[in-house]
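For reference, TrEMBL has these:
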| type | residues | note |
| --- | --- | --- |
| DOMAIN | 23-108 | domain 'Quinolinate phosphoribosyl transferase N-terminal' |
| BINDING | R98, T132, R133, K134, R156, K166, E196, D217, S244, G245, G246, V265, G266, A267 | substrate binding site |
| DOMAIN | 110-280 | domain 'Quinolinate phosphoribosyl transferase C-terminal' |
Amino acid sequence: MLAPWLLDSLIDRVLDEDLAGGDLTTEACVDEGARAVAHAVARKPLVVCGGAVFLRVFQRVDPAVEGELHIPEGTPVDTGAQLWTVRGPARSLLTAERVALNLTQRMSGVATQAHRYVAALPPGSPVRITDTRKTTPGLRALERYAVRIGGAHNHRDSLGSAVLIKDNHIIAAGGITVAIERARQRAPHTSRIEVEVDSLPQLEEALAAGADIILLDNFQTDDIRTAVARVHQIPHRRPLLEASGGITLERIRELAEAGIDLISVGALTHSAKAADIALDLDLS
C-alpha cells in the first residue's frame with residue numbers, strides 16, 4: 001500500500017484538516033479519564049478494505065489506542081459484520097472517528113466497486129480490469145490499493161510511470177506516427193509505448209508506427225471485434241488492446257468476449273460509492 005512513513009504523512013494531513021481548531025465537542029463533553037471500546041460494523045454488504053489504515057488513524061491521534069482487525073482484506077461481508085475494533089481513551093476514539101471512517105469507507109467502496117466489475121467477467125477470463133488516474137486528489141495510493149484488494153489491476157500510477165499518448169498529445173505532436181517516433185527516441189528504453197485511438201484508421205496508423213499497446217477509446221463492440229481480428233493477423237509481437245471510455249458494468253462481459261486484453265474503467269474510483277460503515281462505541 002504505502003510505506004509506513006508515507007501513510008503516516010497522509011493521515012496526518014487529513015487529521016490536520018479535521019482538527020484545525022481541536023475537538024471542541026469531545027473536550028467539552030467527555031471526561032479526560034474515560035475509556036471506551038468501539039467496533040466498526042458494516043451497515044450494508046461490502047468488500048473489506050483499509051483495516052490497517054483504520055487502526056493507524058487512531059494511533060496517530062493517540063499511540064495508546066489498541067485494536068484488532070477481525071476480517072481479512074478483500075473479504076466480502078454481509079450487513080452486520082464486525083470489521084475492526086479499537087479501544088483506549090474515549091476522547092481519542094471520538095476525535096479520530098470521522099477521519100478513520102472517511103478513509104476506510106472510501107477504500108472499501110472502491111474495493112467493492114472493483115469486485116463487482118471483476119465478477120462481471122466470464123469465468124476464467126484472462127482479461128484484466130484496470131483503474132485509471134481518475135482518482136481523488138491526495139488519496140491515489142489508497143484507492144489504487146483498494147482496486148487491487150477488490151481483484152482488479154492498476155494502470156499507470158502517475159504521468160512518470162508509463163508513456164500513454166492520448167488525443168491531445170497527438171494533436172500537440174502533429175500526429176500519431178510522429179508522437180510514437182518521438183516517444184521511442186526520448187522515453188527510457190524500458191518504456192512500452194501506448195497510444196489512444198478513436199477510429200479504425202487510427203488503429204492502422206498506430207500499428208504501422210509500432211505501438212506496444214493500443215487504447216481503443218469509446219469504440220463500439222463491433223469495432224472492437226474488428227480491431228481484435230486485425231491485430232491477431234500480426235504474427236509476432238502483436239500489441240495489447242485496451243478498451244476504455246464510458247465502460248459500464250453491463251458491457252464488461254461482451255467486451256471480454258470480443259477478445260480485448262485490458263478494460264480500463266474510470267468508474268472504479270471516480271464513481272465508487274462510499275461503503276456504509278459505522279462505529280459503535282461503548283464505555284469500557
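Placement of Cβ uses the backbone N, Cα and C atoms for every residue, glycine included.
Location within the structure of each feature annotated in TrEMBL.
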| residue | record | Cβ within 10 Å |
| --- | --- | --- |
| R98 | substrate binding site | 16 |
| R133 | substrate binding site | 17 |
| R156 | substrate binding site | 15 |
| E196 | substrate binding site | 24 |
| S244 | substrate binding site | 20 |
| G246 | substrate binding site | 10 |
| G266 | substrate binding site | 17 |
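Reduced to three states, the DSSP call for S244 (substrate binding site) is strand.
In the three-state DSSP classification, R98 (substrate binding site) falls within a helix.
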